[in-house]
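Trainee: Would you mind keeping the following structure in view while I ask a few things?
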Amino acid sequence: MTSDKTLNNLIAYLDNPHPTVEQAIEVFTPLTVGDYDDVHIAALLATIRTRGETYADIAGAAKAFLAAGRPFPITGAGLMDSAGTGGDGANTINVTTAASLVAAAGGVKMVKCGNRSVSSKSGSADVLEALNIPLDLNPDRAVRQFNASNFTFLFAPAYNPAVAHVQPVRKALKVPTLFNTLGPILAPARPEFQVMGVANPKLGQIIAEVFRELGRSHALVVHGSGTDEIAVHGPTTVWELRDGEISTYTITPEEIGINRYELSELAGGDGVENAHLMRETFASRGPAAHRDAISATAGAMFYTANHVPTIAEGVAKAQTMLADGSVERWLAIHEEANYAE
């Protein structure tokens, strides 16, 4: 049962259009331990959706849920995570997941947190499972996988179990909520580097500020012409956090060394189909649009991890790796590996 103090804090928060991070932490912490009734959770999520997500909402909720979560055994310096908010309705191939594998094959320390499909036909877990990348490993085996390959995948529910308290209400509301934004931010590895796509460009600056609050040293938040990816069909807005400073700029496909394509050329299917398309790209047989879209995001990852001085040079590195078979060989080594010992 919700205590009077907790309920009074919640009511005050709902009436406050400009909450502080500390107030948000105070309101979201009871949510992490199941202290709210469903009606209270619905009121909180609906109010935030109606007035618009603020920096305090996102930063405070992130801090509350990270404090309640289970960190990955390896955290911090040198690690990267990558994900998007989803919700752009594009149903493309799994660009970010494919780019994460390219980045790992190229030396980026990638600890990717994700889940099965929610708003698309194929979530990151769906396509990785179809690629025979071992999933749902216990932490010790996941560490062995990471040490062997520069890559591991962490199921979000296993590391952020407190989110389960919200799921029934999220499903009942049937609209995007704060937790669509929070998902990629609640990275169990507490990474130093992050690339995150947002379907709603109004959130770009806010999320960059949240990453600064959470201690990221270098992060990119991107919105590409209506999608939560770096676009091959138009310009992409980038909010870049580097050493505490945030800059905003626009990049075009031509500026980073790729061609333009129609968004429809990136249309994807379910996990099995997208895995097949990914293998074709890794083997240099896939459509040029797929190669360039994956290279654009992988290039941003190489740049964010400070492996190259510009995104364009990162794109060139990714394209070279796809052309010479480096990624295909990496996948052949690491798919179906056991990591039991």
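Each residue, glycine too, has its Cβ placed from N, Cα and C.
Okay, so Swiss-Prot annotates it like this:
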| type | residues | note |
| --- | --- | --- |
| BINDING | GLY84, 87-88, THR92, 94-97, 112-120, SER124 | 5-phospho-alpha-D-ribose 1-diphosphate binding site |
| BINDING | GLY84, ASN115 | anthranilate 1 binding site |
| BINDING | THR96, GLU229 | Mg(2+) 1 binding site |
| BINDING | ARG170 | anthranilate 2 binding site |
| BINDING | ASP228, GLU229 | Mg(2+) 2 binding site |
Trainee: Return the single residue from the binding-site residues list (THR92, ASN115) that has the minimum number of other CB atoms within 10 Å.
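Mentor: Output over binding-site residues THR92, ASN115: least Cβ neighbours within 10 Å is ASN115.
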Trainee: Test of understanding: give the count of other CB atoms lying within 10 angstroms of the CB of CYS113 (5-phospho-alpha-D-ribose 1-diphosphate binding site).
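Mentor: Other Cβ atoms within 10 Å of CYS113 (5-phospho-alpha-D-ribose 1-diphosphate binding site): 25.
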Trainee: By a 10 A CB contact count over all chains shown, which of the binding-site residues listed here is most packed: ASP228, GLU229?
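Mentor: Most Cβ neighbours within 10 Å: GLU229.
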Trainee: In whole Å, how far is ARG170 (anthranilate 2 binding site) from THR92 (5-phospho-alpha-D-ribose 1-diphosphate binding site) when you measure between their Cα atoms?
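Mentor: With distance taken Cα to Cα, ARG170 (anthranilate 2 binding site) is 24 Å from THR92 (5-phospho-alpha-D-ribose 1-diphosphate binding site).
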Trainee: Does ARG116 (5-phospho-alpha-D-ribose 1-diphosphate binding site) have same-chain partners at least 6 apart in sequence with Cβ under 8 Å from its own Cβ, and which are they?
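Mentor: Correct list: GLY123, ALA125, ASP126.
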Trainee: I'd like the number of other C-beta atoms within 10 A of the C-beta of THR96 (5-phospho-alpha-D-ribose 1-diphosphate binding site), please.
Mentor: 27
Trainee: Which one of the binding-site residues (GLY84, ARG170) has its C-beta surrounded by the most other C-beta atoms within 10 angstroms?
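Mentor: When each Cβ's neighbours within 10 Å are tallied, GLY84 tops the list.
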Trainee: Listing them in sequence order, which of the binding-site residues ASN115, ARG170, GLU229 have their Cα within 10 Å of that of THR96 (5-phospho-alpha-D-ribose 1-diphosphate binding site)?
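Mentor: So far as Cα distances go, the binding-site residues lying within 10 Å of THR96 (5-phospho-alpha-D-ribose 1-diphosphate binding site) are GLU229.
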Trainee: Find the one among the binding-site residues GLY84, CYS113, ASN115, ARG170 whose C-alpha lies closest to that of GLU229 (Mg(2+) 1 binding site).
Mentor: GLY84
Trainee: List, in sequence order, those binding-site residues among ASN115, ARG170, ASP228 whose Cα sits within 10 Å of the Cα of GLY84 (5-phospho-alpha-D-ribose 1-diphosphate binding site).
Mentor: ASP228
Trainee: If you measure ASN115 (anthranilate 1 binding site) to ARG170 (anthranilate 2 binding site) at Cα, how many Å is it?
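Mentor: Spelling it out, the Cα of ASN115 (anthranilate 1 binding site) and the Cα of ARG170 (anthranilate 2 binding site) are 16 Å apart.
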Trainee: Using DSSP with the three-state reduction, classify GLY84 (5-phospho-alpha-D-ribose 1-diphosphate binding site) as helix, strand or coil.
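Mentor: Going by the DSSP assignment, GLY84 (5-phospho-alpha-D-ribose 1-diphosphate binding site) falls within a strand, counted as strand.
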Trainee: Which state, by DSSP, holds GLU229 (Mg(2+) 1 binding site): helix, strand or coil?
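Mentor: SS state of GLU229 (Mg(2+) 1 binding site) = coil.
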Trainee: Helix, strand or coil: which one is ARG116 (5-phospho-alpha-D-ribose 1-diphosphate binding site) in, per DSSP?
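Mentor: DSSP assigns ARG116 (5-phospho-alpha-D-ribose 1-diphosphate binding site) to coil.
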